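J.: Once you've had a glance at the structure underneath, I'll fire off some questions.
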Amino acid sequence: MKHIAILGSTGSIGKNTLQVARHLKERIKVVAIAARENIDLLEAQSKEFCPDIIAVFNNAKAYELQKRLPGKTVLAGMEGLLAAASYSEADLVISAMTGTMGLQPTIEAIKAGKDVGLANKEALVSGGAIIMKLVKEKNINLLPIDSEHSAIFQCLNGEALKSVQRIILTSSGGPFRTWTQEQLETVTVEQALNHPTWSMGPKVTIDSSTLMNKGLEVIEAFWLFDVSPEQIDVIVHPQSIIHSLVEFCDGSMLAQMSEPNMIVPIQYSLTYPDRAPGLFKPFDFMKNSKLEFFEPNKKTFRCLALAYEALKCGGTLPCYMNAANEVLVERFLKGELSWKNIGIQLEKLMDQHASISVDSLETILAVDALAREEAARSKLISTK
């Protein structure tokens, strides 16, 4: 029986993780759950799964949930998240809290010697140097939950890193892959939230529409698989059946394929190094006989190009880019700026940032706060 803690249990990844836990109830026990503020769902989850620890980041919401669950101890704030992340009974911690909020709990879990299923790509983007150093020191398994990185992880199993020529991340291309510049001027929030193949939370869905999500995944792959930026390519694959590929020095390639559903990589992380019967029918090749590939347009989707620039520059620029992007996405969702302005504003902000080396968690948090402040007060410029 594997004991798991889920940070972000009320989000898309968290809910899917609990679905797998239901499916594999003879193998998986949920011992801790944590969320930002959705206490209605957290209450229902706690009653179903009976975890030892319940944590809510929002202090007022934690107090309210405690009143609803008098027989339970509800922990609050960042301290509560850290307690859930380092809980002694947990074998595996699923890090699925969106944004930089998940960075400290992820580090805490690794420090406690826990294996980590990482769905929070921002943690590696902002703190990759610190996290990977800790992973090596603690000798834990860092298991990627993103479908692309899970695919690469599986393709590299048993392979020598020196034989890797290229890592190829696939992208659906998002909902605006074929849109003209004129059409992109009028993108609505509803249109950007309508992803063609994946069901995700709002922030990740908007990032997928700008290809920033793919840019963050490029940086994540750099840290996870110890390759150079030049060895990481992105290709648009609208069907999202091939989740990523590895090309080796002898010219052969390995790809991981499945229906586009996050249940598959989540279950792999929960059962690793074993596999277990899944929730899906055998793959239908006739139904999925058309697989297409295109080159991404980095001029139209400038966020992808910006992510490559941040990775090559290094230092605090990836952290700054990630935090500023989070705020710009929030502003778009609130109707404060246009879809095209996300990339334009981000480029302007990144050009103004003086990158320094990442030497501590304090540096990361300070740069994160600076980026958020500057992105929140940045003045909009014309997209034309």
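The backbone N, Cα and C atoms fix where each Cβ goes, glycine too.
Worth saying up front: this structure is predicted, and the values here are computed from it rather than measured.
Swiss-Prot feature annotations, pasted as is:
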| type | residues | note |
| --- | --- | --- |
| BINDING | THR10, GLY11, SER12, ILE13, ASN38, ASN120, GLU122, GLY201 | NADPH binding site |
| BINDING | LYS121, SER147, GLU148, SER172, HIS195, SER208, ASN213, LYS214, GLU217 | 1-deoxy-D-xylulose 5-phosphate binding site |
| BINDING | ASP146, GLU148, GLU217 | Mn(2+) binding site |
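Mind running through what each feature is packed against?
T.: A helical conformation is recorded for GLU122 (NADPH binding site) in the three-state DSSP classification. Taking the Cβ of GLU122 (NADPH binding site) as reference, residues of its chain lying under 8 Å away and at least six apart in sequence are, in sequence order, THR98, GLY99, THR100, GLY102, LEU103, LEU216, ASN322, GLU326.
Just so you know, the Cβ of HIS195 (1-deoxy-D-xylulose 5-phosphate binding site) picks up 18 other Cβ atoms within 10 Å once every protein chain is counted.
Around the Cβ of GLU148 (1-deoxy-D-xylulose 5-phosphate binding site), 28 further Cβ atoms fall within 10 Å across all displayed protein chains. GLU148 (1-deoxy-D-xylulose 5-phosphate binding site) falls within a helix when secondary structure is assigned with DSSP.
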J.: Do you know offhand how many angstrom separate GLY11 (NADPH binding site) and ASP146 (Mn(2+) binding site) by C-alpha?
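T.: About 14 Å separates the two Cα atoms.
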J.: Check the binding-site residues ASP146, GLU217 for other C-beta atoms within 10 angstroms of each C-beta and report the one with the most.
T.: GLU217
J.: Around ASN213 (1-deoxy-D-xylulose 5-phosphate binding site), how many other CB atoms lie within 10 A of its CB?
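T.: I count 26 other Cβ atoms within 10 Å of it.
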J.: Can you check which residue among the binding-site residues THR10, SER12, ASN120 has the largest number of Cβ atoms within 10 Å of its own?
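T.: Per the Cβ count, the most surrounded site is ASN120.
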